[in-house]
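A.B. asks: Below you will find the structure I want to go over with you.
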Amino acid sequence: MAGGGYAGNGSTGNIGSNGRLTMSVIITCIVAASGGLIFGYDIGISGGVTTMEPFLRKFFPSVLRKMADAKHNTYCVYDSQVLTAFTSSLYIAGLASSLVASFITKRMGRKCTMVLGGCTFFTGAIINGAAINIAMLILGRIFLGIGVGFTNQATPVYLSEMAPPKWRGAFTIGFQFFLGTGVVVANVINYRTAQIGSWGWRLSLGLAAVPAVLMTIGALLVSDTPSSLVERGKLEQAKQSLQRARGVGIDIEDEYNEILKSSEDSKLSTNEPFTTIFQRQYRPHLVMAVLIPFFQQLTGINVIAFYAPVIFQSVGFGSNSALIAAVILGLVNLVSIVMSMFVVDRFGRRVLFMEGGIQMVVFQVAVACVLGAQLGLTGDQQLSKGYAILVLILMCIYAAAFGWSWGPLTWLIPSEIFPMKIRPAGQSISIAVNFATTFVLAQMFLTMLCHFKFYAFVFYAGWITVMTSFVALFLPETKGIPLDSMHIVWEQHWYWHKFIERKE
């Protein structure tokens, strides 16, 4: 079949499968997954504060002038490159830091990288909360971006290496769950702080320090992954870490020996990981590391998450109602992520990718149809309350599809497909592509909305069609495959097998 399959032989396919679901691995993975909180909080908070009048009056008065214009175009009210720079500047910093994080993750460990990310994000939160001008605001965003780049690079890798193969999907999706939780918490905070007055936006931005502190303290308390410890020559610590994760009395020798073998193979390579990953035998890995995060952003979800309050306010909700609508959208996404955690290791990755893709296409087009029929191309009037609620319902169904498919799986797939020698480099490339695409789309979305009108949603629907077809043809199923046996899924794939050196 197009997606390939897994039919391992010998004992390889059972490595790590006899480990219990221990309290140690549950707590460790929950703590690590909480790294998603800081990213989610930032996504939610940045969109909300940009609808607060005191924030706009201080930093973006031109937007307020557009809102006061009785003849304004609904699609174009928030079209400001400086305003979008506030949101998107984080992603340029995240792009650069994610590449640096690859070297830190390899040499100092996954845990150390998460701690550095939390500390840097904390610094950015304090600067943003105290900002007195746009330059200070952007500086804070850059620090936030560095923190997010570090944690997003290290956390999914940490989770995939620590979790038993049987439950790897659910544990790694924990990162997306905390990301979604951060979005919801941020939207609730925005709703409350918007009612405070002139300084409510400072509280929204400054409270980003709280998830940063929680994640940093948690990361300091957990042990590093067995793979990372072996990679750095700490063999006894690695064995103890693996034993705690799999359970006392569980035979870990086969899994431990596979990690040792992967580490030895990694050390035989004299090339840097960023050179090795471009070799022909790693072509499928590189393609997935680039295209999966690229496609995820072209679902349009992040720009909708950033600007959800802006979009809802534009189409007819009041300021407070727009923030409530954003909370509802976030809650729907969060519930769907939980559903994904329960089914991803049962039904596999490909089924969720394709079902979610089809559902997103249908409801993106539906949103476009409603906006096109009611606002047309002029956008010189707002939607009625009934149609505004319909848009919210359609976007919620779209967000649910993303929440159980492209949202969590974009973090899961790159974290599990790479061999140890190029795993940090592969994850860094994946995060860098994610940030680069997010930056471009975040910077252009409000302008796109102004010029494309409702066709902006058709634009994203077209891309979702392309990427769903890509998954159907080129993504093999990785459910339940031990990390160090993942080469088998490429060897058996109808297309990628020609690039892989078959291992005996």
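Just so it is clear, glycine is given a Cβ too, placed from its N, Cα and C backbone atoms.
According to TrEMBL, the protein has these features:
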- 21-41: transmembrane segment (TRANSMEM)
- 28-479: domain 'Major facilitator superfamily (MFS) profile' (DOMAIN)
- 82-105: transmembrane segment (TRANSMEM)
- 171-189: transmembrane segment (TRANSMEM)
- 201-222: transmembrane segment (TRANSMEM)
- 286-310: transmembrane segment (TRANSMEM)
- 322-344: transmembrane segment (TRANSMEM)
- 356-375: transmembrane segment (TRANSMEM)
- 387-407: transmembrane segment (TRANSMEM)
- 428-448: transmembrane segment (TRANSMEM)
- 454-475: transmembrane segment (TRANSMEM)
A.B. asks: What else in the chain is close to the transmembrane segment (454-475), if you only count residues 6 or more beyond its ends and a Cβ gap under 8 Å?
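C.D. replies: Residues 2-3, 284, 287-288, 291, 295, 298-300, 349-350, 353-354, 357-358, 360-361, 364-365, 367-369, 371-372, 375, 406, 413, 445, 448, 493, 495-496 contact the transmembrane segment (454-475) from elsewhere in the chain.
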A.B. asks: Which one, 21-41, 356-375, 387-407, has the most C-beta pairs under 8 Å toward the transmembrane segment (201-222)?
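C.D. replies: By Cβ pairs under 8 Å, 21-41 leads among 21-41, 356-375, 387-407.
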A.B. asks: Looking only at residues six or more beyond either end of the transmembrane segment (171-189), which have a C-beta under 8 A from one in the stretch?
C.D. replies: 25, 29-30, 32-45, 48, 155-156, 159-160, 162-163, 203-204, 207, 211, 305, 308-309, 323, 326-327, 330-331, 333-334, 337-338, 340-341, 344, 403, 407-409, 411-412, 415-416
A.B. asks: Go through the chain and flag residues at least 6 beyond the ends of the transmembrane segment (21-41) whose CB is under 8 A from any CB in it; none is fine as an answer.
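C.D. replies: Residues packing against the transmembrane segment (21-41) from afar: 114, 117-118, 121, 144, 147-148, 151-152, 154-155, 158-159, 162-164, 167, 171, 174-186, 207-208, 211-212, 214-215, 218-219, 221-223, 244-247.
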